[in-house]
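Enquirer: One structure is given below, represented as structure tokens, and several questions about it will come after.
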Amino acid sequence: MRRTQSSVTKFTNCLLIRGNELVEEDLWISSVSGKILNGQEILYGERVAPDRIVDLGGRILSPGLIDVQLNGAYGFDFSVIPEDGAVGYSKGVHRVNRQLIATGVTSYLPTLTSQPPEVYQQALPFLGPSGTHRNPTYGSESLGAHCEGPFLNPSKNGIHNTTVLQTASHGLPDLTACYGHSNLASMTKVTLAPELPGGLEAVKALTGLGIIVSVGHSEASYEEAREAVKAGAKMITHLFNAMEQLHHRNPGIFGLLGATSSSLASKPYFGIIADGIHLHPTSIKIAWNAHPEGLILVTDAMALAGMPDGTYDWTNGSRIIKSGSQLTLEENGRIAGSAAQLVDCLSNFLNWTHASVPEALKAVTETPAKMLGLEGVKGSLNEGADADLVVLDLQETGVGEEKKFIVEQVWKFGSKVFDREIEMAGDEN
């Protein structure tokens with residue numbers, strides 16, 4: 001097959017994650033297939049030279065970052081239907097995709113908070129998996145919607161409006177009545193409280209449909225949470241937040257991280273918001289030490305992510321104060337989500353846990369891909385994986401031994417879609 005101009009790119013002088021090490025190694029990709037290639041086979045088997053060689057100057061070349069809990073960004077909230085309906089909603093989603101990619105997030109789960117059924121049924125058609133066209137100009141790719149609610153425990157609602165919360169007492173019929181039967185194909189993950197009436201039946205029904213179930217906004221005991229995992233739940237939504245806390249006689253949901261193989265065949269994955277607001281750094285280190293293979297960094301970012309600081313109206317009539325990455329309710333100061341970028345959570349995690357760079361990067365690449373059933377497709381640098389890549393520079397901050405990841409370039413399906421150097425030059429002109 002004849003290759004188009006600059007269809008094969010070879011990255012050189014770069015550090016790749018191989019196992020638990022950073023290894024100096026070349027990487028070959030194709031902008032035609034949008035996948036990672038076997039460079040040795042092309043060079044020595046086909047005797048073909050790359051169309052373009054990119055020298056990364058010793059920087060890290062990582063799989064693109066994956067955020068499995070993003071409520072919105074750049075002024076657009078996935079849970080709000082604009083006045084112009086479908087037209088405005090579609091524009092908002094595309095705006096988020098085009099701007100989010102510059103932060104290094106190449107794939108994500110657009111997250112809907114607890115809403116009336118009509119909101120889900122209007123929004124979900126726009127939030128399903130969007131990578132079928134494999135068009136890098138579209139920006140970040142939706143891997144399917146995450147419905148965080150409305151089957152949550154009112155006592156652990158967080159900022160979710162309790163008036164729209166409900167139970168799935170009748171199992172699948174209640175789920176389809178809420179989300180819409182035709183929208184189930186758009187859904188990748190659902191967060192629910194398994195201790196509610198019909199909770200375990202809902203876990204089984206959703207799992208049977210291929211939809212991932214995550215336990216969250218719940219006061220489940222350890223035993224109740226364990227039964228949910230046995231029924232098919234495979235994740236915990238923002239561990240520690242909006243759930244019963246660890247008690248020496250009832251470890252609660254957190255106790256699943258310490259479950260033995262005899263009591264639970266496999267431990268669940270768990271989300272951690274490492275924004276410096278939701279959790280104490282030591283809590284994060286404890287969770288990581290308990291189950292490092294299950295930790296997934298998430299932002300839980302709201303529509304105000306990427307917006308200037310100030311006070312903004314929120315969906316339920318409340319007002320939210322944004323100060324940096326911190327969002328709080330004006331009325332009571334309660335945490336109202338995050339405005340952090342995933343790369344900043346990654347830097348925090350690296351500094352707080354003293355994990356290695358490969359270990360930290362896996363929490364935003366390989367581990368979420370495994371949780372989503374996309375191992376070898378996303379979050380990987382192996383041959384055949386999607387060529388979704390981020391070039392990272394790890395810099396000293398000047399504060400103690402702390403370091404910070406800087407997003408230098410982003411590649412989507414084998415094409416460069418963001419270059420910090422070019423963006424900075426444009427800002428100076």
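Cβ coordinates are placed from backbone N, Cα and C, and glycine is handled just like the others.
A quick note: this is a predicted structure, and the numbers were derived from the prediction, not measured.
From TrEMBL, here are the annotated features:
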| type | residues | note |
| --- | --- | --- |
| ACT_SITE | ASP300 | active site, proton donor/acceptor |
| BINDING | GLU148, HIS217, HIS238 | Zn(2+) binding site |
| BINDING | ILE159, ASN241, ALA242, ARG249, HIS278, ILE335, ALA336, GLY337 | substrate binding site |
| DOMAIN | 60-414 | domain 'Amidohydrolase-related' |
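Thinking about packing and proximity, how do these listed features fit into the structure?
Expert: Of all Cβ atoms in the shown protein chains, 28 besides its own fall within 10 Å of the Cβ of ASP300 (active site, proton donor/acceptor).
Counting only same-chain residues six or more apart in sequence, the Cβ atoms lying under 8 angstroms from the Cβ of HIS217 (Zn(2+) binding site) belong to GLU148, GLY149, LEU152, ASN153, LYS156, ASN157, GLY158, HIS160, THR191, ALA193, THR237, ALA242, MET243.
DSSP assigns ILE335 (substrate binding site) to a strand segment in the three-state reduction. Under a cutoff of 8 A between CB atoms, and with a sequence separation of 6+ in the same chain, the neighbours of ILE335 (substrate binding site) are GLY158, ILE159, ASN241, ILE277, HIS278, LEU327, THR328.
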Enquirer: Would you mind reading off the Cα separation of ARG249 (substrate binding site) from HIS238 (Zn(2+) binding site), to the nearest angstrom?
Expert: 22
Enquirer: Distance check, please: Cα of ASP300 (active site, proton donor/acceptor) against Cα of GLY337 (substrate binding site), rounded to an integer number of angstrom.
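Expert: Given the Cα positions, ASP300 (active site, proton donor/acceptor) is 6 Å from GLY337 (substrate binding site).
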Enquirer: So if I measure Cβ to Cβ from HIS238 (Zn(2+) binding site) and keep only same-chain residues at least 6 apart in sequence, which ones fall under 8 Å?
Expert: GLN69, GLY216, GLY271, ILE272, ILE273, HIS278, VAL298, ASP300
Enquirer: For the substrate site as recorded (ILE159, ASN241, ALA242, ARG249, HIS278, ILE335, ALA336, GLY337), determine the largest distance between any two Cα atoms, in Å, rounded to the nearest integer.
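Expert: For the residues that bind substrate, the greatest Cα distance is 30 Å.
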Enquirer: Let me know the DSSP-derived helix, strand or coil state of HIS238 (Zn(2+) binding site), please.
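Expert: The three-state answer is coil.
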Enquirer: Cβ-Cβ under 8 Å from ALA336 (substrate binding site), same chain, 6 or more residues apart: which ones?
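Expert: Spatial neighbours, sequence-distant, of ALA336 (substrate binding site): ILE159, MET302, TRP314, SER318, ILE320, LEU327, THR328, LEU329.
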Enquirer: Among the binding-site residues ARG249, HIS278, point out the residue whose Cβ has the most other Cβ atoms within 10 Å, with all shown protein chains included in the count.
Expert: HIS278
